[in-house]
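Below is one structure, written out as structure tokens, with a few remarks after it.
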Amino acid sequence: MSDTSATKTEIRVIIVGGSVAGLTLAHCLAKANISHVVLEKRAEISPQEGAFLGIWPNGGRIFDQLGVYADLEQCTVPIHTMRVRFPDGFSFSSELPRCVQERFGYPIVSLDRQKVLEILHDRYPAKSNIHINKRVTEIRQTEREAQVVTDDGAVYKGDLVVGADGIHSAVRAEMWRQAKGLVGRRDGQAFAVEYACVFGISTPIPGLESGEHVNSYSDGLCVITFHGKDGRIFWFILIKLHKRFVYPKTPRFSASDAAKVCAEYASVPVWGEICVRDLWRNKTSASMTALEEGLLKTWNFKRVVLLGDSIHKMTPNIGQGANTAAEDAAVLASLLQRLSTSASSTTSGTIDAVLREYVSLRYKRVKSTYQRAYFGARLHTRDNVLKCFVGRYIFPRFSQQVLERTSQAIAGAPLVDFLPTPKRSGAGWSDYAGSPEVGAPTVPWLVISLPVLASVLCYLMFA
């Protein structure tokens, strides 16, 4: 662990966005004694929007380093069993979540996004650094500093501006404006929408047991539930849209749209005799949103850098959005802490070098996570004949291989490198260390599929 009291270089960081990404970075910087402010455009840090998020071991270990994991853990129960249902009535169960916890020391959990933000805010040691009602209108950059201008006329000065302001990022828009000609057409059209999602939270439903997780797959649709503390049900319904939209020309949805979707699919089975109508009937909150997907190539320009959903946006199917944002924050903070304890200056060249290293350390892993989420959404909604086959006949028969690939993906996660590794970390971190990044299933998986396909065809032909 580095001695943060030996700071030689004063760094000032302006974080735009009081999101999970932004507040996690703020916690990291506070631990490193690096000066920073958080600018949030909304009037409150933790509004109730009906959304929830999953915390996997790769995110949980970082939150544990920051001293907030115990509070998060008290709000939920570990997921120990996964249940999967297909439209033909076939179903199977897996202990993958329990095995993941045994290997890595942290469970898979789900809880309200509002509660996560509330805990991150409540446990943050310098609340005077957080400013609400601060909508960014302009970013200025010079050789000596960056300036962020907000709609109330305030000007914030720093060495670095971090865009943690989500998919509709004002920081990204300013970066693109200033880097015109350097940001390619690909990045300008990187985010697209093929799916919409209804998120909801419901009161307990008999038959959906705490600690279990259900995946119900249909053609063009999937229903996924997580059953938390006191039986609360966190759920989402992923729907394939009739066309592909390119951001920012994407659809918007209202509460009435969510109601219409749940009415249309009311009879879709979830598990046993439970259907979508039961989730909707017991809801305490629900909302509907378009799901942007995309990964940018350009993450930084001079003194501006992006993290979280502002650069990589994925569907919720593999539950890695918040975890990947926490990883971003851990890596960026670790590099800034290293700079703060060096004798280097904070010229544009020095800052640019740090940001380039951040991108170099993160891009490959983020890309693999994005690919897995992209594949997962299409597998779960049975997007084509191959994915129908792989989901129905391959994954149920290769559960151990799925666990191994999941373990490899988790083990590659970074830490806040100037903070101690939590004692509860399991042996899986070292057992699977050095594994190659795990993306979507590719040729080897398809080769494995061939003998199974042959046996299925023989059964259909001669049974």
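Just so you know, glycine gets a Cβ as well, placed from its N, Cα and C.
Of the residues Gly54, Gly105, Swiss-Prot puts just one in the FAD site with Glu40, Arg113, Asp309, Ala322: Gly54.
Secondary structure at Arg113 (FAD binding site), taken from DSSP and collapsed to helix, strand or coil, is helix. Cβ neighbour counts within 10 Å, taken over all protein chains shown, single out Asp309 as the most crowded of the binding-site residues Glu40, Asp309.
The Cβ of Arg113 (FAD binding site) lies under 8 Å from the Cβ of Val20, Glu49, Ala51, Phe52, Leu53, Ala322, each on the same chain and at least six residues away in sequence. Put simply, Tyr217 (active site) is 37 Å from Glu40 (FAD binding site) when counted between their Cα atoms. Taking the C-alpha positions, the distance from Asp309 (FAD binding site) to Tyr217 (active site) comes to 26 Å.
There are 24 other CB atoms within 10 A of the CB of Ala322 (FAD binding site), with all protein chains counted. For Gly54 (FAD binding site), applying a Cβ distance below 8 Å and a minimum sequence separation of six or more within one chain yields Ile108, Val109, Ser110, Phe226, Pro316, Gly319, Gln320, Ala322, Asn323.
The Cβ of Tyr217 (active site) has Val84, Arg85, Phe86, Pro87, Leu379, His380, Thr381, Arg382, Gly391 as same-chain neighbours under 8 Å, each 6 or more residues away in sequence.
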